[in-house]
Amino acid sequence: MASIATSIQFSIQRSKFSSTSTFLCRAPANLVAFKSRSVAPRASGLEFSPESGVSPAPVGLSGNGLKSPGWSQLLRQRGSVDFPATKAAAADADGLEIDISHGTSKPAKSFTERFPWLVTGFFFFTWYFLNVIFNILNKKVYNYFPYPYFVSVVHLLVGVVYCVISWGVGLPKRAPIDGELLAVLTPVAFCHALGHVMSNVSFAAVAVSFTHTIKALEPFFNAAASQFVLGHQIPLPLWLSLAPVVIGVSMASLTELSFNWLGFGSAMISNIAFTYRSIYSKKAMTGMDSTNVYAYISIIALLFCLPPAVLIEGPKLMQYGFTDAIAKVGLYKFLSDLFWIGMFYHLYNQVATNTLERVAPLTHAVGNVLKRVFVIGFSIVVFGNRISTQTGIGTLIAIAGVAIYSLIKANIEEQKR
């Protein structure tokens, strides 16, 4: 017995369980596994040098120390050996995180995973930037080429070409479409086309800031459609929050210097069209990703926009529309302006979709309101539009009402979730 104890003591003191040696044992299932590139293959048990033909039983390793039948008393005399395992994560030389608690390795967190708020902020900035640039370039084109139906076709055409090229290179991979899905997306695309064309008619007829002020009424039409078309009960606070929107738009419209009924009416039709687009979109929930859905909607909307552009503006364009525009700015600038407004239109819509998918409803609501504030503010500064005091106050009241409505609606959605 003395020789066995001496052998055990010698083995423990010699190894001290250093990082360069391997503690070989048959570990229970609930024990912690240490993984490292320098660890030798596991053995089946803790080997002791047998003396006098004695072959001891395998030793189990646990958080309480070494235990072996018949030797527990002897080991307690020498002091129990504990191996506390701390749940932690470390990084090896290749940048892999070693999850010690589970004995697995995983890649180190990327920049986007460590700073998600920075990435989301970049998305918002890109969305606003593209939207502002689009509105400015779009209005500048209308100053020398006032043909909103044809310009609407250009917006969608450039976006469709962009989508086809993206599909061609596999970014993203084109999702298949069948007759059933086509029937579901067609009403959405029609409302999208109508709303888009009417928005451009308004942009061409009045100031950009005034069009966006009128389009601030879109939440009112959404609430009305939800209540009376879909049969959804709208809470009273949500209705009350729309009062300042209606009052503010009315104040701004009465004293807007660029006011005309064509610009006002087309903006209102755009609100109605986009409201019904939202209704049909709820029925068009598919497993397809948003990028492919928007691409298909753009293709179908382009087909809807072509006939009115040809019938309403085609004769004028062929007689003097193109020649007058080229005479004013030159062929290269005319073509490049048309290309870039189409590209910015598609990119800002695509980035807006990607941005709003990353955030909660409350952030979504605030983002939409701030976007409209940015566009109105920049358009006034860039084009030097003169607005009356009452128009400015009315615009601010309308935007504040939209903000209140969006916040209340976002809170209701969060409570439902």
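Along the chain as shown, the residues are counted starting at 1.
The backbone N, Cα and C atoms fix where each Cβ goes, glycine too.
Any TrEMBL annotation is an automated prediction that lacks curation.
Over in TrEMBL, the protein carries these features:
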- 119-406: domain 'Sugar phosphate transporter' (DOMAIN)
- 115-137: transmembrane segment (TRANSMEM)
- 149-169: transmembrane segment (TRANSMEM)
- 181-198: transmembrane segment (TRANSMEM)
- 236-255: transmembrane segment (TRANSMEM)
- 261-280: transmembrane segment (TRANSMEM)
- 292-311: transmembrane segment (TRANSMEM)
- 393-412: transmembrane segment (TRANSMEM)
Of the listed stretches 115-137, 181-198, 236-255, 261-280, 292-311, which one has the most C-beta pairs under 8 A with the transmembrane segment (149-169)?
292-311
Below 8 Å between Cβ atoms, which of the listed ranges 115-137, 261-280, 292-311, 393-412 makes the most pairs with the transmembrane segment (236-255)?
393-412
Segment confidence, the domain 'Sugar phosphate transporter' (119-406), expressed as mean pLDDT:
88
